[in-house]
Amino acid sequence: MEKAFGSPSVGGSYPQKNAEILSSQYGINLFLAGLLLTFAWAVHAVGISKSHLLSYLITLMLIQLLWMLWYLGRSCTQRRLIRDKDTHAGARWLKCGITLFAVITLILDSFKIGYYIDFSNCLSPTEGIFPVTHAVHTILQVYFLWCHAKDIIQSFKTLERFGVIHSVFTNLLLWTNGVLTESKHQLNEHKERLITLGFGNITIVLDDHAPQCNCTTTTLCSIFSQGIYYLYPFNIEYHILASTMLYVLWKNIGRKVEHHQQHKTPFKFHGITVGMIFGLVVLTSTIAIVVVYLIQIGRSKIKSELALTMFYLHAIFVLALMCTAGIVALLIYRLEDRSLDNSKNPARKLDAELLVGTAAGSWLLSWGSILAIICAQAHPKYTWYNLPYSVLVIIEKYIQNLFIIESIHREQDKVNDDIKTLRIVTVSRGSTLSLTPAYKEIYNGRAAPESGEVPCLLKGSVCGRESQGSATAEAGQEKSSITHSASGVSFYSGNSVTNNKRRILKNIAAFLFLCNLSLWIPPAFGCRPEYDNGLEEIVFGFEPWIIVVNLAMPFSIFYRMHSAASLFEVNCKT
């Protein structure tokens, strides 16, 4: 009997583990069914149309809407209860980022509604229902994540696991649908560019599923159809961010957490001027390169080759700078002796796994380009720049991943933060040692006694007591002056070195943050040399290489945005 009732935690955790396994399998099957339906529509499978795919996605979104409304209603009735929160999940800057992407997604939905109205004569009603449902889904989901991303659910755990994992894979399917739609548009433009580069032997016909009727308002149709594809990158990032935040919520269900106050680390521009200036220069030059690339590519063979050469040279320079900055940051870490925080943290673990997992997309493309350069029989001049570019892409991600993962696992040096508010007055003949009220406030979280006693700081270095009119205080003042001056110099020199290291690391994090945003822009808005240089298509074949690019490119794009988000967190934490 003692064994039967002596271990309630084991008995309680067993069904919860089963619920976690069952819910994950439910989500995976939901995703695979949608993935196959998406693939069937893309290849014009018999009996499968776009309306079937959209109907499936609409159903998934409606189910998620019902679950979110139920959760919000239950939370509202229990708002007075104290709930556990994961302080590491759902950071404010992450919520602001997903809100920005959501706003642009709503603009995309409005464009889709306008597009449906103009082509309503030959489009299925589901193509009008889908953007309306998606807009409502987006608004409610952003509100849900703002209010409940930090929740650690302890009631109705089995039901909530299924609801959250359903939301995770619904967003992944919406992400997949966006990626496929945007990729088909890029492929149509890609074929035209290859023809101008002289690869006329590529004869594959790509279908863009265009409506089979005339538009009622030609000008508006052109604006809607072109604008939709420029907004898709933001929609894609929105859904992948939402799925990661919901996944952390799913992992936190039933989790036991230690109750301690998190050390808040707001973002500050102070001290990162150098990194911001260099980063903004890279960002500005990248935008200029992308504009010129999109204008020149496909116009003629000479202009296309110049555009590719310009892109490769700029990217090589930026990647070399990023590698150098990352190596400097890692060397600084090797010189510091600070322990790593290995406590259980689902959000931090997911960040590290996403960095390595999504980097594999870029590595796959880079190794494909390296192999194509080695094996190709003919090498146009501009393709040789692809070799150092591909090698640097591999090395840069190695170095950056090491820097980010170590940074998010390093414990914060709270002592230095406290010491920064302390002002030490060196004791000299005829003066007294005093500590500012700022230190009194931070010491143990409360002010020091009004009696004048001030606690000691840094054992054996500085200790003082205010005493008005004390005759004995002047007896050893000259001797203590030398002692306190020496300890003050030692303290300031050590603290100065630490602050310099921290300042360098913050500048590096700020620089890499802007560089990753810069490298996200080209592939997200159609500047993709993996498509346009044509060498890989000759070596691997057009269809195999296009499949590889379409599978790997979304992960490569997401890697840059996720790295930028992680580096923003590193900058706040350093």
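We number each residue from 1, going along the chain as drawn.
Any Cβ shown, glycine's included, is placed from N, Cα and C.
Cβ atoms under 8 Å from those of the transmembrane segment (26-47) belong to residues 53, 56-57, 60, 162, 165-166, 168-170, 172-173, 176-177, 180, 184, 207 of the same chain, restricted to positions at least 6 beyond its ends. Annotated transmembrane segment per TrEMBL: 26-47 (among others), in sequence order.
Per TrEMBL, the feature transmembrane segment maps to 53-72 (among others).
Residues or ranges marked as transmembrane segment in TrEMBL: 93-117 (among others). Outside the transmembrane segment (93-117) by six or more residues, the chain places 123, 127-128, 130-132, 134-135, 138-139, 141-142, 145-146, 149, 216, 220-221, 224-225, 227-228, 231-232, 234-235, 237-238, 241-242, 245, 267, 565, 568-569, 572 with a CB less than 8 A from a CB of the stretch.
Per TrEMBL, transmembrane segment is recorded for 129-146 (among others).
Residues 23, 86, 89-90, 94, 97-98, 101-102, 104-105, 107-108, 111, 138, 141, 145, 148-149, 151, 153, 161, 164-165, 167-169, 171-172, 174-175, 178-179, 181-182, 185, 346-347, 350, 354, 524-525, 554, 557-558, 561 of the same chain lie 6 or more positions beyond the ends of the transmembrane segment (229-250) yet place their CB under 8 Å from a CB of it. Positions annotated as transmembrane segment by TrEMBL: 229-250 (among others).
The transmembrane segment feature in TrEMBL is assigned to 271-295 (among others).
If you look up TrEMBL, you'll see 311-333 (among others) marked as transmembrane segment. Outside the transmembrane segment (311-333) by six or more residues, the chain places 278, 282, 285-286, 289, 293, 382, 385-386, 388-389, 392-393, 395-396, 399-400, 402-403, 406, 410, 501, 504-505, 508-509, 511-512, 515, 518-519, 522, 527, 529 with a CB less than 8 A from a CB of the stretch.
Under the heading transmembrane segment, TrEMBL lists 354-379 (among others). Residues 244, 386-387, 389-391, 393-394, 397, 401, 404-405, 530, 535-536, 538-540, 545, 548-549, 551-556, 558-559, 562-563, 566 of the same chain sit 6 or more residues outside the transmembrane segment (354-379) yet have a Cβ under 8 Å from a Cβ within it.
Under the heading transmembrane segment, TrEMBL lists 508-526 (among others).
Taken from TrEMBL, the feature transmembrane segment covers 538-559 (among others).
Take the transmembrane segment (271-295) and the stretches 53-72, 129-146, 508-526: counting Cβ pairs under 8 Å, 508-526 has the most. Touching of the transmembrane segment (129-146) and the transmembrane segment (508-526) is ruled out by the presence of fewer than three CB pairs under 8 A, sequence neighbours closer than 6 excluded.
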